[in-house]
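Quick look at what Swiss-Prot annotates:
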ACT_SITE  Y551  active site, O-(3'-phospho-DNA)-tyrosine intermediate
DOMAIN    261-593  domain 'Topo IB-type catalytic'
REGION    317-322  region 'Interaction with DNA'
SITE      R145  site 'Interaction with DNA'
SITE      R193  site 'Interaction with DNA'
SITE      W241  site 'Interaction with DNA'
SITE      K272  site 'Interaction with DNA'
SITE      T330  site 'Interaction with DNA'
SITE      K361  site 'Interaction with DNA'
SITE      N403  site 'Interaction with DNA'
SITE      H461  site 'Interaction with DNA'
SITE      K479  site 'Interaction with DNA'
TRANSIT   1-43  transit peptide
Amino acid sequence: MLLLWLRALCRRFQHVPRRVPSRQVSRGSKASRAGWGETSKSSVKWKQLEHKGPCFAPAYEPLPDGVRFFYDGKPVRLSLAAEEVATFYGKMLHLECTTKEVFRRNFFSDWQKEMTAEERKLITHLDKCDFSEIHRHFMERAEARRTLPREQKQKLKEEAEKLQQEFGYCILDGHREKIGNFKTEPPGLFRGRGDHPKMGMLKRRVMPEDVVINCSRDSKIPEPPAGHQWKEVRSDNTVMWLAAWVENIQNSFKYIILNPSSKPKGEMDWQKYEVARRLKGVVDKIRAQYQADWKSPEMKKRQLAVALYFIDKLALRTGNEKEEGETADTVGCCSLRVEHVRLHTPADGQEHVVELDFLGKDSIRYKNHVTVEKLVFQNLQHFMEDKDPRDDLFDALTTSSLNKHLQDLMEGLTAKVFRTYNASITLQEQLRVLTRAEDSLTCKVLAYNRANRAVAVLCNHQRAIPKTFEESMQTLQKKIETKKAQVAEAQVELQKAETDLRMRGDSKSKSFLQKQQRLLKLEEQLARLCTKATDKEENKQVALGTAKLNYLDPRISIAWCKRFGVPVEKIYNKTQRERFAWAFNQAGEDFEF
């Protein structure tokens with residue numbers, strides 16, 4: 001297992017950043033240290049970096065005596081380690097994931113590892129475990145927190161602010177910058193996204209001995225909690241993270257980094273979108289080249305061209321190389337297998353349709369029927385000939401060779417740049433088509449969400465339908481029906497007032513105008529409710545936020561807001577506005593991506 005882990009680290013970070021001599025190396029070998037960090041072509045990113053280190057999750061608080069765990073109908077007093085893991089499961093009893101066999105199996109396996117020998121001998125079947133008292137205890141605690149008096153809520157708020165002031169800021173080159181995630185993630189059960197094969201596994205508590213601290217040589221080294229020491233303290237000014245560790249579920253790196261609203265992060269965002277804008281100038285040439293390569297006599301060149309077509313047209317990720325069984329069976333473009341692709345042979349003038357069905361990033365299922373060019377279809381037929389379902393579709397291609405090809409096409413070009421470019425262009429074009437100047441504010445916001453939805457569909461940003469969706473839709477529908485009745489009543493009152501006016505031969509009275517204004521107001525309210533219901537229904541399975549935060553140039557949205565008189569608060573919440581503060585001055589109403 002150790003060998004597999006080390007090999008995975010080497011592949012994950014193909015280039016080892018320039019080592020800066022660390023002041024303290026307390027644990028870990030050179031091999032384990034080599035993978036820490038994100039690499040960058042630019043060398044020095046800061047001269048001074050000082051911070052307090054991460055804020056660790058509080059120690060486990062044992063259950064009160066009146067809250068018991070039962071096995072086979074009998075109360076069992078668990079050891080502290082086993083009890084803590086039991087509470088993780090008990091808290092989640094109301095969630096659907098605890099009914100899934102994979103979740104239950106993984107949880108029970110990891111839970112038994114935390115038990116004493118006596119507990120393992122006694123507790124052998126999850127079905128005989130009763131966590132109901134534990135679940136009720138935590139539900140009551142949550143309800144008590146919700147109903148706290150205002151004074152106590154204010155006290156908790158002040159304590160959180162004090163913690164923020166202590167751990168939530170750093171000094172970067174003389175400037176006080178906000179840190180994004182200064183707290184380590186508390187221990188619990190891994191849920192993952194989609195049907196992740198590791199759901200239910202135990203996320204272990206992050207300890208100071210797991211953490212690498214990064215700060216400047218002349219700054220004060222953060223103090224670890226009493227009785228502990230850091231894994232390592234280093235001074236690497238070629239990276240922007242403040243602290244890092246490896247989480248135990250997927251052996252992936254976790255970082256404490258600056259808040260997205262900080263100046264350095266804003267500059268990185270700007271650079272990301274500027275690279276995508278540069279692609280706009282060469283994308284036609286790139287497309288012409290890969291279309292020409294569909295006819296190449298070289299198999300590798302044809303596979304490269306079809307893969308690039310998928311990345312461009314379908315916004316697929318490249319797909320990272322990994323050990324067999326190392327993690328979930330998730331794939332990207334380069335790791336597609338024959339079993340992931342079905343070709344629907346055209347007949348009677350029908351289009352060439354390819355069906356793709358695989359687990360993408362975070363085990364989110366990608367299922368799509370897409371019409372492709374005839375040459376792409378024919379190449380796919382050839383790539384799949386004489387292959388078994390588990391064979392690679394692009395067997396002459398690797399992730400590294402594809403990435404190198406992208407760099408040869410344009411400096412800085414990656415699959416993510418293609419996704420960013422196509423997402424931003426799609427948003428801009430959809431907004432142009434869907435927005436009408438004469439529309440109401442509500443309709444304009446709906447148009448924006450529909451444009452955003454087109455991007456989310458392109459990027460396969462899905463979400464599970466919220467459990468409360470049906471209930472909230474029923475509530476909304478009742479409001480609509482009530483509002484319709486009020487509109488109908490107001491219409492009758494207005495007609496009656498109009499008849500009275502005609503009979504008296506009067507000009508419009510104050511009472512008539514008030515009834516007219518009331519009807520208009522009610523009709524506006526009804527329109528807003530109907531639009532909200534439409535928006536809610538259309539986006540019930542689509543995650544709009546991912547693209548908005550990571551792939552859409554904010555200047556497009558800000559320019560659209562300015563052009564059509566839409567308050568930017570309708571598009572971005574406060575946190576998002578802070579994150580994209582850099583874009584507000586750059587985006588006039590005539591900005592074009």
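Just so you know, glycine gets a Cβ as well, placed from its N, Cα and C.
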Next on the checklist: Whole-number answer please: how many Å between the C-alpha atoms of K272 (site 'Interaction with DNA') and K479 (site 'Interaction with DNA')?
Outcome noted: 44
Next on the checklist: What whole-number Å value do you get for the CA-CA distance of N403 (site 'Interaction with DNA') and K361 (site 'Interaction with DNA')?
Outcome noted: 18
Item to check | recorded sites compared (R145, R193, K361, H461, K479) - highest count of Cβ atoms within 10 Å | outcome: H461
Checklist outcome for this item: Whole-number Å distance separating the Cα atoms of W241 (site 'Interaction with DNA') and Y551 (active site, O-(3'-phospho-DNA)-tyrosine intermediate) is 22
Checklist entry - Hey, how far is K479 (site 'Interaction with DNA') from R145 (site 'Interaction with DNA'), Cα to Cα, in Å? => result 30
Checklist outcome for this item: If you measure between the CA atoms of Y551 (active site, O-(3'-phospho-DNA)-tyrosine intermediate) and H461 (site 'Interaction with DNA') and round to the nearest Å, you get 11
Checklist entry - Looking only at the region 'Interaction with DNA' (317-322), what is the mean pLDDT? => result 69
Item to check | recorded sites near K361 (site 'Interaction with DNA') (Cα-Cα within 10 Å), from R145, R193, T330 | outcome: R193, T330
Checklist entry - Using a Cβ-Cβ cut-off under 8 angstroms and a sequence gap of six or more, which residues of the chain neighbour T330 (site 'Interaction with DNA')? => result F358, L359, G360, K361, D362, S363
Item to check | Cα-Cα distance linking H461 (site 'Interaction with DNA') and R145 (site 'Interaction with DNA'), given in Å to the nearest integer | outcome: 33
Item to check | DSSP three-state assignment for R145 (site 'Interaction with DNA') | outcome: helix
Item to check | Sparsest Cβ surroundings (other CB atoms within 10 Å) among the recorded positions W241, Y551 | outcome: W241
Next on the checklist: Roughly how many Å lie between the Cα atoms of R193 (site 'Interaction with DNA') and H461 (site 'Interaction with DNA'), rounded to a whole value?
Outcome noted: 11
